[in-house]
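As recorded in TrEMBL, the features of this protein are as follows:
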DOMAIN    2-252  domain 'Glutamine amidotransferase type-2'
ACT_SITE  C2  active site, nucleophile
REGION    60-88  region 'Disordered'
DOMAIN    320-459  domain 'SIS'
DOMAIN    492-637  domain 'SIS'
ACT_SITE  K642  active site, for Fru-6P isomerization activity
Amino acid sequence: MCGIIGYVGDQSALDVALGGLRRLEYRGYDSSGVAVVGAGALRTVRRAGKLANLEKLLSEGPERDPMPGTTGMGHTRWATHGGPTDQNAHPHTDCTGAIAVIHNGIIENFAALRAELEGIGHELTSETDTEVVAHLLEVELGNAAAAQAGAVPEDVAPGGPAASGAAGVPVAQHPLTAALRRVCRRLEGAFTLVVLHRDFPEVVLGARRNSPLVVGIGQGETFLASDVSAFIAHTREAMEIGQDQIVEARRDGVTVTDFAGEIVEGRRYHVDWDASAAEKGGYPYFMLKEINEQPTALADTLRGRLSADGAIVLDEERLSAQDFRDVDKVFIVACGTAYHAGLIAKYAVEHWTRLPCEVEMASEFRYRDPVLDRSTLVIAISQSGETLDTLMAVKHAREQKARVLAICNTNGSTIPRESDAVLYTRCGPEVGVASTKTFLGQVAACLLVGLYLAQVRGVLYGDEVAAYVERLQRMPDLVGRTLHRLEPIRELARGLADAKAVLFLGRHVGYPVALEGALKLKELAYMHAEGFPAGELKHGPIALIEPGLPVIVVVPSPRGRAHLHGKVVSNIQEVRARGARTIVIAEDGDVAVEPYADHLIRVPATSSLFAPLVTTLPLQVFACELALARGLDVDQPRNLAKSVTVE
Ligand code: M6R
């Protein structure tokens, strides 16, 4: 959800914050704001609407005075509490205007805290949950100052230098850090907070619980951000911040402590992509770039997955082969597009391993009390690694002693850290809100996990696994060739810009592909779109068919299970008989569909379980082109955000 950047160094904090926000805007774009500490003052500027509104205000409006200072922060918002107005935009300040706070997440007990603050005379001016944090800090700093006259509070050394010490050792810290720690202990819910104080330009603080925060470590400068893209133009050295931790960032480094005040070591890592990977590279939209990057994203995800002795290689494995052999059922948890990748995985996992596999929307998983134990494997799929619904499902699974394997695109994110094993999709940064290349990466990763399970459990022979992997490694080439032949679907999409609705049908792995096609169209073109199992249609939804309604049908290979193909061909005839305009996605050489296709989109032939890697492509292109024909912004569709860090 919201994008956050904090900075302390030698550069203009405003420039760094705005540069970071441009890269983070995909996380939320309802409003934005900046704060800078300099020349003994704290200045904040914020504006409803996209970042361009804030930039305009800063360059042309009454706020155009320069904001001098080399300590600052910026925020781009996806509204939760309070609408997307100037007043609700972050940063939020306390009564004195000395403290500024930005926040990602939801503070669940904010109403009680707000009532308490108002009861002691604080005036809160927004409808947000965030603002209470600025006022609570004001209270804590006031209490500390008062106590300083008498006894020093337990973990405060007022005005003292930033502490250093060994991990696990309680230390005295900056007064702002100590105050933030006491505030964090009172907060319930999920939060990443970044805090500035007018009188402490030497530090910028961050805190996190169930919400992302990474540190960028430069030469004489330090960054705090929701993700590395915000500071990748300045440094590729990063540090993870763990759950319930506070980072005190200074020019010369950081001190990380937990909410109890003990020093902890953050894990440092090098980011293996550079700023150009998160730029449009000549494309008008990130989505178009990311669609075209799919062959590379897939190839990178699959590279080096087969060891010299023929075993599949995961990235981080904190489980033994015996743990995997003990697995007697598999759950896949994920949201949105990642959930669709999970639905595809089910077919492969059950076929290859003969283990029962259930796929569950992460937001529902823990509420239905699933039966989990030590021999359950839960596969959590998440591009961002920060989706709170998926993270909570992971935590629930681990509490029940299940083993958790994460499939994730973001190194250093929370879900892989909370899991027992990880397989990274190496798709590079995905900026467009609609997932495209990471969906392909997730499908490929799921197939690898299915093969891995089959291998360790001895269900498939080593040479069988190797043969599958080798065939999978030929898929990027097929994906590239498919992308080069999609002009007919672009043209068709442009002609359907005024359609009211589109239905998507599929069977077997074509069904999740149909769901994904419908999701893409809903989120990008704001059209009514539904995906159905082709066979289910006549149990009700067929009543939706009316003359001219576009129905896209994903047809399985006739070389796969013959009866499956034949059934789908019958389903095409059923909808066509009722007046539907049929758009048929079928492999080269499938002549049986020709009489019933008003529009025929050809894709290269491939094996049944790998087919989604090509049949999804025309649906991505269809939704993107149709949305563009409607004049919509495909990178930042309304009401959405790339990373959903609230439940
Ligand atoms: O980061 P995640 O993969 O966990 O995100 C899950 C969904 O929010 C995401 O797949 C969403 O549905 C897509 N961006 C839609 O295109």
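The backbone N, Cα and C atoms fix where each Cβ goes, glycine too.
According to DSSP, the region 'Disordered' (60-88) comprises 1 helix, 7 strand, 21 coil. Within its own chain, the region 'Disordered' (60-88) is flanked in space by residues 1-14, 16-18, 20-21, 24-25, 27-39, 43, 45-49, 51, 100, 102-103, 106, 110, 125-130, 194, 196, 201-204, 224, 641, 646, which lie at least six positions past its ends and keep a Cβ under 8 Å from the stretch. Per DSSP, the secondary structure of the domain 'SIS' (320-459) breaks down as 66 helix, 28 strand, 46 coil.
Most Cβ neighbours within 10 Å among the active-site residues C2, K642: this distinction goes to C2.
Taking CA atoms as the reference points, the residue listed as 'active site, for Fru-6P isomerization activity' and C2 (active site, nucleophile) are 9 Å apart.
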